[in-house]
Amino acid sequence: MTPITHAVKRQLTLALLKPDICASQKLQVRVHEAIEAQNIKIVSQRPVLWTKEEAGAFYAEHKGKFFYDRLCGYMTSGPFQALVLSSPDAIKEWRALIGPTHPCRARIHQPTTLRALYGLSDTRNSFHGSDSDETAKNEIAFFFPELSIDNLLKVQDSQA
Ligand SMILES: Nc1ncnc2c1ncn2[C@@H]1O[C@H](COP(=O)(O)OP(=O)(O)OP(=O)(O)O)[C@@H](O)[C@H]1O
């Protein structure tokens, strides 16, 4: 008899562990453990050290805002980590795990989220997560130009 398999569609998202997290090996390990505890799979990861130009290209939509220079300064202050995450609802699940953009609000309203636990300020908020399928596709291509997202999804779906 052929065993019944339940194919579960997977979704990919791009996560950043920003420089303040990557300054501490211990924090980095804790965050990876928190990701895995949610059954979110880390499909790929790489360390990144940005120039001001690269930070500006990624955060172009924020150019002109009062926090733009601060944000680019923060993101070029040291190495950070880019991750490709996979789960059935990866975009929503990762954003739920990191919590609201502003750590002080996260501490009040969602105290168990990663930004509540580790975020330092509105700008130095420790994490990034793609906000839609299209953004995830573009952001994964930005950090992992060698990866084929369609192939990755096929592999993920067949392993589900
Ligand atoms: N009001 C603010 N004051 C200071 N820094 C800010 C503010 N809003 C956003 N930032 C910084 O700019 C980044 C990008 O802002 P965006 O609005 O895209 O936030 P987000 O979608 O919650 O966070 P991310 O895109 O990093 O996941 C934030 O993660 C934060 O580092």
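Yeah, the Cβs are placed from backbone N, Cα and C, and that goes for glycine too.
Owing to the predicted nature of the structure, the values given are computational and were not obtained by experimental measurement.
According to TrEMBL, the feature domain 'Nucleoside diphosphate kinase-like' maps to 10-151.
Within 10 Å of the Cβ of T101 (ATP binding site) there are 15 other Cβ atoms, across all protein chains. In this structure, T101 (ATP binding site) belongs to neither helix nor strand by DSSP; it is coil. Per TrEMBL, ATP binding site is recorded for K18, F67, R95, T101, R115, N125.
According to TrEMBL, the active site, pros-phosphohistidine intermediate annotation covers H128. The Cβ of H128 (active site, pros-phosphohistidine intermediate) has 21 other Cβ atoms within 10 Å, all protein chains considered. Mapped onto three states, the DSSP output places H128 (active site, pros-phosphohistidine intermediate) in strand.
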**Message:** Using Cβ atoms only, which residues of the same chain lie under 8 Å from K18 (ATP binding site) while being at least 6 residues apart in sequence?
**Reply:** Y74, M75, F80, R124, N125, S126, F127, H128
**Message:** Fewest other C-beta atoms within 10 angstroms of its own C-beta: which of the binding-site residues F67, R95, R115, N125 fits that?
**Reply:** F67
**Request:** For ligand 1, pick out the binding-site residues K18, R95, R115, N125 that have a CB under 6 angstroms away from one of its atoms.
**Result:** N125
